[in-house]
Amino acid sequence: MDPFTLEPIGALSGHDDRVWNVAWSPQGDMLASCSGDKTVRIWSRRQPRPSEQWYCSAILDQCHTRTIRSVAWSPTGRALATASFDATVAVWELSSGVWEQVAELEGHENEVKCVAWNPDGRLIATCGRDRSVWIWESMPGREFECVDVKQGHSQDVKAVTWHPSGELLVSAGYDDTIKLWTYDGDEWGCAQTLGGTGTGHESTVWDVCWDPVSRARLASCSDDLTLRLWESRAAPTSTPASAPAGAAAAGFVPSRPDLRCAVTLSGHHRRTVFSLDWAPTGLIATGDGDDSILAEEEASGLLTQPGGQWGCWARVAKAHGADVNCVRWNPAEPRLLASCSDDGLIRLWWLR
């Protein structure tokens, strides 16, 4: 019997096609979803309790002409960025209770696969099928200017995410690699590539995320059915769980990354792992092509050890009726999980 249970507490319907991505607002009081139906839906809850009913408070449409693949909140929670297969990114702002499109970012040659806002809200990163990573800077007058384009990947780029410091950008893609980008005062350059024959994932890397507590470990998931945990080569052999946030980052400098694969988690998934998210509780949730959701954690709650033993602590078989495309923990209530799927539904789960 699993030590924890993911209890279903809600199913949100309304999209007319597969739901690709979900994202919680920084305050955790709203959830954005995007779909093949070319819309974004904003979900709000009537009462501040996880089991209360969530409802669709806004529909953002008439912007993109093809599938919306990714959605990201600004750090303030007052703006959204949406990335589409129509090769554009839209920026929306909430004003007097109404969402308004205020900018459109054009430049990618074809499908944009992911969008991510940096921690101070000044930069937006995007990536796409054209093998590129773009970095955009917010300018006065609700304008955005492309300040750099990186062509380091040899194939489709699936995901981008920022380190919490904002000093490091991570991209991952169809070429089986993860690239770490840093800024030298003039441009962004590739500081490290994770992967390659025998040193990383053996197939497409679909998603990446940082450990929100130590901020020094990176997790990735792949078409090769595994998760990999990357940490600094200079990391200590163990860090007490009672240590202050960031203590485990000893030896890790975001502007000078030097990561290695410390743990490979295998045997838990039978099909592609499309998404993962690391909660402050230490649990990593995953969503896969077997329609399942898993929550994995290190077996020891006292030590964070490189190469430590990890286990599957909760599993929901057939959590959806089709591929689970995205899983995200709520930032304000770390036991509340959202998932979305090719079945067109968003589901909410409570970890017990």
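From the backbone N, Cα and C atoms, a Cβ is placed for every residue, glycine too.
Record features, source Swiss-Prot:
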type: REPEAT; residues: 14-53; note: repeat 'WD 1'
type: REPEAT; residues: 63-102; note: repeat 'WD 2'
type: REPEAT; residues: 107-146; note: repeat 'WD 3'
type: REPEAT; residues: 152-191; note: repeat 'WD 4'
type: REPEAT; residues: 200-240; note: repeat 'WD 5'
type: REPEAT; residues: 268-306; note: repeat 'WD 6'
type: REPEAT; residues: 319-352; note: repeat 'WD 7'
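According to DSSP, the secondary structure content of the repeat 'WD 7' (319-352) in residues is 0 helix, 18 strand, 16 coil. Counted over residue pairs separated by six or more positions, the repeat 'WD 2' (63-102) shares at least 3 Cβ pairs under 8 angstroms with the repeat 'WD 1' (14-53), which defines the two as touching. Listed as Cβ neighbours of the repeat 'WD 1' (14-53) (distance under 8 Å, sequence separation of 6 or more from its ends, same chain) are residues 59-61, 64-73, 75-77, 80, 82, 84, 92, 99, 322, 325-326, 328-333, 335-336, 338-346, 348, 350.
Secondary structure counts, DSSP: the repeat 'WD 5' (200-240) has 0 helix, 19 strand, 22 coil. As a summary of secondary structure, the repeat 'WD 4' (152-191) carries 0 helix, 22 strand, 18 coil according to DSSP. Counted with DSSP, the repeat 'WD 3' (107-146) comes out as 0 helix, 23 strand, 17 coil.
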